[in-house]
Amino acid sequence: MVSITETQKIGVGLTGFGLFFLLFGVLLYFDSVLLAFGNVLFLTGLTFIIGLRRTAGFFFQRQKLRGSTLFLGGVALVLFRWPIIGMAVESYGFVLLFRSFFPVACGFILSLVNIPYLNVGIHF
């Protein structure tokens, strides 16, 4: 069983609140304050979960430098009150950063047999 430290629990809470504020900021027509607060909470929570060194190592890998630049540039644009352009740039950077993770996530979701409409073609 994997043990979770108190710092990681705080990180999960911060990340959850960050995602909530990002979603709420988008729903309220790209409210720049909520989006900026959500970005700060999300990045802080990610740092609490995996640690400062691993976070920096993830964002500044040579093959992920373009995605990191776009993602962090989008965060900066949101902080400078350009929310729509900032979220577009940030979203593109997010896709570039996590493009290697998407097939793994889709494979995991498709391997679940209790999700309706995803397992229509799978017959056991």
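From the backbone N, Cα and C atoms, a Cβ is placed for every residue, glycine too.
Remember, it's a predicted structure, so these values are computed and weren't measured experimentally.
Away from its own ends, the transmembrane segment (12-30) comes close to residues 4, 37-46, 48-49, 83-84, 87 of its chain (Cβ-Cβ under 8 Å, at least six residues beyond either end). The feature transmembrane segment is assigned by TrEMBL to 12-30 (among others).
Annotation comment: TrEMBL describes 36-53 (among others) as transmembrane segment.
Tertiary proximity for the transmembrane segment (65-84) is limited to same-chain residues at least six positions away from its ends with a CB under 8 Å from its CB atoms, namely 25, 30-32, 35-36, 39, 43, 59, 90-97, 99. If you look up TrEMBL, you'll see 65-84 (among others) marked as transmembrane segment.
Annotation comment: TrEMBL describes 96-118 (among others) as transmembrane segment.
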